[in-house]
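**Q** If you scroll down you'll find the structure; I have some questions about it.
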């Protein structure tokens, strides 16, 4: 084994070679404890010495040629042993002896004070030997040390130097770890450089010097000396060489395993790029576009031709070239020289181009490019002009002085640069000012202030945060402003402001950011090691970029770091890649990573090495699926990255912190993208880990819903999505994987209902359904794949059912169900889904919600998605069903809606109804067709309590599909030990799976055994052995502690074929071993002796010192610990005593405080109570006083008002009384005055009259004696009876006057008589005016109908009675009009005056004679008062009061003279509203005539005014009324004028009564059978007859079935026509239950009844049947036919009848074929064309017609008549509109073509039908009353069918005889079969002709003619003999053709009657058997 590094604990010495002298061994003082060791650090005398021996050889360059002397040397590194306090390590240095400007080599220099050994073995070619233009063999010779040059080996990140004419050479590396440190590998390189004259080579053997922080330091330029004083590392080498610093075991350190397969040409190309590296940034994933071509040649050309090569700075390294694992000719050294020469040849060709690259520094510029601190480490080459030996010595002195700087300064600078987040100070051009007052935080003020200091570029202010950002044009200005800008305010604090660089953007070139003077800044230490195969990883500051990144959307882990996923290739490629991979990965072992970010960077570096070591496959034949090896729920690297990025969920952190809980972290989902790299095996989880992850989610996460549902759902969804992605990437398909996808599906199904009420930001139902669909699709494919393998999953039926439930709206989902496996298709889950599909698509919401209530929880969650859809459709159906028209509304109870549609409560139902436009009030919903809305989108779904109750177990058990599994216990894998050192467990577990190897090479194996003694066992015990057979890495390989484990560790999982290379020269292993042994022995012979002796002494001293130090440390530590423990105990005891005292004091104070508070509270309570009572009393008293004052004031005011009012009234009354008395007095005085005058005038007139009588005008003729007597009154008084009887009046002296009394009496009698006559005349007129009309006579006389029973219905529309008084003319007119339409013999209804209702006034049902016939007259009079209310309208529509109305009569109210215009318009509007209400409440068809009665004489313009006021023309145009007239009637009813006009109006209404509907009535069965007979039988039997006559095969069954189903569909459309819904028929008052031929029942045209009729008619349809292929075997065809016929019967009891008939038919067909066939085989049978398909369909149709049962009971019981029949009503003219389907027409055309072909072959020869027996045709049943006509018509049709094909008379007799023979054969066959059945049943039935006790209704309704034939005896011989006699009689008689046709018709009818009777009897027998 390799000895422990001898330089671990003592001061090393240094051996250095200068240009002129050799030094001596010199010892320095001991080093400082804790100081890291660095390569090339020149220690001061107080620090350390260097121990170095550099065997080297060199050839000085001569002339002006530029030569590079490759060195072949061995460098050994030392690692810190027990103590890590070494300040320095042995450094190896050599000076360059070349003075040529282009001769650049790496040299290790030391100060003059450092001594060196004089013994340095050098070997190499002689100086000055020149090879011509060719290549010659190199000679080896020892040269003095002053000519030796040490050429360090550059790594992929440390590019070699290159001068103007120099190209870096290629090299090989043989490496092995040395020491117990981090395990670096020793490079073994063969570099070579050629030029035009000299070819030289040298070898450098170097061992790795491992320590905690070994690094190369970059030299310092003269211009930046002050800046480089802060650099922590030391530089070594000449001015022409530059090394950048590296951390522990970094790729650039000695001991780095440099890849041998990286040619020098690529190094030359990368040199141009490495001069100016891009700024550090977060690493982006590699783009596939960038990975297309990675050849070194192409990359070099791109580097040379690209004008801006810095833009390619973020490209990953090129792919490693492919090397075949094959033996090569020549020796090892010869092959090496050849390859180096070839690479240098190509490099020389591109040298001129590379010299123009911008990456090289011009002469005079700085030595190296400045890379910001800590971001990356590279070896930066530079090109410097020629320097002399004096300049080199002066530079060495400066460097040595700088090497002694304190490490503390370097640490401070490193920390400062690290705090900037990996950003160079040169890029900091902005400052950030905080704590700025608001009045100063203004852009103008800040710009003005800082413009005085430097030139400001832009200013950003944020007053809310009291900060501002000021950008300057350069770093110097920003630094000056940061220094002097604090004068703005005393509280202002200024910091640097760093830009946040997006990881998706490329970085700008460094030279655009920096000036020439700034480009020479030194490279800082890199905090991480970097892979030699990839770009360095940038380490951004954890506290800067990460914490200040945008919180909106953080980049995902796998999105930022896209990985490739190709496994390591096999063969030589795999060997080469594995070798370099293991070599590179071994350098990572032991690296310390303290923080999570450092650990992530280290693991990411490991992944990049592994990813670049693999070879991508482009051959699909060799492609294979990934195999995951991740043992944890989340890969380790992702855990560290997400903790760094703060991308952890609340379920993945340690409670109370933001640190990741490694046991609870679950892999996050990463969306796939085009530029994403393929995953590595350890990034994918195998099936077992995925199952454990799912078990963890189910048991630990699913039921955690205490926090945010959004976080819970996002976490579970994301992690299950990641599980699905891992399954997809690994192409897993097994039952375990299926169970994982099933659990994901259950989770999404549960969330579909559970999360439906969450906002869109938390839960998106659409995305959830998409994921559910993807899961179900994956399951469907996996089920199919596993079924193909013979594996059946137990849950397949469950999830296929879920798939169907998810796609219920998909049209072809049933087709997919038919494709399921029979076990799955017939499972309860799939059957349930099919039932849900049927309920949803048929809008059967009752069935749907019943299924929801009976469903499982997950099924109910899926059905919940359709709740809004089914509810909307159900609401639409209810709205249409419960409303009559669009203008009417219907009230429906809200509780019914909640119950039927399964709402949670009334509130949810109300919201849903309001969303669809319906209003809810008082617990009822108002259904209205016009108000119903159908929004475009569905309303927001809500959770259902009914579904929630089904969740009886935890969510985890629901998702798991059963009881929860045990909680998974697993300890996550960690690649770091307790000291945070990388130990590489992941590497040990991944490489055996992902690495492929072709085979072992004996030589390589031997080489590994030879160097096994030098392997560091403790460090590399976990490393795998690299493949020793790789020709690309002929170096010393690493071998683990157990050699036996190496083969298994590197054994390939699969061994792909390797193409055999072309034959090449073969060299043996002995040659290789010999050459390598010689080289190693010669190079190490002297060096190993010195190193071993010094190492032994060092180890001895170190052991002694370490023992003493350990004892001292243990003693000191123990003493300190004991003292600390004792002090703590004492302090704790004192603290306890103090706490007890304090608690006692606090308790005492607390009690005192409580006592004081109690007393104080009591006092305050008493005071507050007293104060409160006082305030309340005062307030109460004030209120009472105020109230009393107000009351007193009101009383006084009232009293005063009363007194004033009384005084005023007294004054007013006194004045009024005075005026009244005055006026009365004046009137009385006037009266007295005139009365007195009148009295005086009367007295004067009397006096004058008396005087005139007493004193005549002339002297009296009597004497004087008689004069006095003459003046005395002499009239007779009293009058005597005698004079009175004589008619005389004695006037005395005046004489006697005769008076006639009889004339006066006669006049008196005449007057009295006239008065009586007039009185009775008026009374008769009044009686006549109030007498009812003789409506039956008027109707029978004027109704234009010819039916024997006539119906007429009139609706009187009267004004509102509430608006008129009982004695008003309008009220009298209404009563008069009611009386006119009330008959004496009528059934008078409830005649009331209630407005807003329609009442039956009278109903007439009498017989009336018209001419010589008597008709039944049925009249109904309805009356409506005023406008109807909504409830009255609903009652009218519900009770169908207006159904069958024949006319309307509207009475207008009388016009009042004082009526204003507004009131008149209002009366018109009221009448119009009343009229429109009635017109809209009745069915729309037919339109009715209208009579408008106008009271009083309104003048000539009354008709025009009525038309305009009622808008009668508009009503006519709208087809609401058919016609109208305006009739003026008197406003009084004293004469017959009104009666005459009303009678005329009634006659006009009757004459214009709507025409009678052409409705036909039949029972449902009769209607179907007549339709089938009319439209199907005639066509079908005619086609069958033609095809049989032509010996053609039967018609295809699908065509016959389609014709039959088409006829049924036509019949269903006729009987359920939409025209029937709007018909106003029958008259409701005369309708009967069950209906009749004249009057149907009330619900005959309701939509529900018509829909039931349509469904019932369609129930006769036959299922479709396709014709089997022509070559189908007989038995499968028979099975298909039997299976088809089993679908026809409606019950299992009638199925055997049809089955036996079909089997009998098939047996006869087979027997017929067997008789025709000569030698039939057992497996053969009749062909498909020979099967009588038409007869099979005929049997099915016959059975369907006999065995049909209605689908369910009718909607209304009124549809059933007394005998149980259902009558249907239809328009007869619609039956003529049937169109034959296209398939039947095509079949008929095909038949005609075949007939033509048949006739063409056989000429006019008639073809006799076959004599085989076939079933009878369809049973024809007809309507009662049309039996004879139908029978005769059918007979005539049959005759026409027989004669249709004959055109000549000579063919007539033959056609007739053929038909008779056919009928005869059919009769004979049937009678034989019947006799056979009767003989079998003779024991059970004594009389075979007796009918059974029960007969179907279809058979009972046979025509009478057929019933009479049923009594014919069933014996066959009498019938046959009678038929034969009739036939012979027809043949013998020489009667005419007409008589023959008649005889033929009679025979056919008789034959059919016999068949029907036999069929009837047979059916009866079969039904009795079934009973």
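Each residue's number is its place along the chain shown, starting with 1.
Placed from the backbone N, Cα and C atoms, the Cβ positions cover glycine too.
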**Q** So one of 483, 743, 1942 should carry the feature N6-acetyllysine according to Swiss-Prot; which one?
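**A** The N6-acetyllysine feature in Swiss-Prot corresponds to 483.
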**Q** Among the residues 32, 323, 1136, 1805, which does Swiss-Prot list with the feature asymmetric dimethylarginine?
**A** 32
**Q** Which residue, chosen from 484, 774, 1440, is annotated N6-acetyllysine in Swiss-Prot?
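**A** Swiss-Prot records N6-acetyllysine at 484.
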**Q** Counting other Cβ atoms within 10 Å of each residue's Cβ, which of the modified residues 483, 484 comes out lowest?
**A** 483
**Q** Give the mean pLDDT for the region 'FG-repeats' (33-335) on the 0 to 100 scale.
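**A** Across the region 'FG-repeats' (33-335), the average pLDDT comes out at 39.
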**Q** Check the DSSP secondary structure of residue 483 (N6-acetyllysine), expressed as helix, strand or coil.
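**A** For residue 483 (N6-acetyllysine) - judged by DSSP and reduced to three states - the answer is helix.
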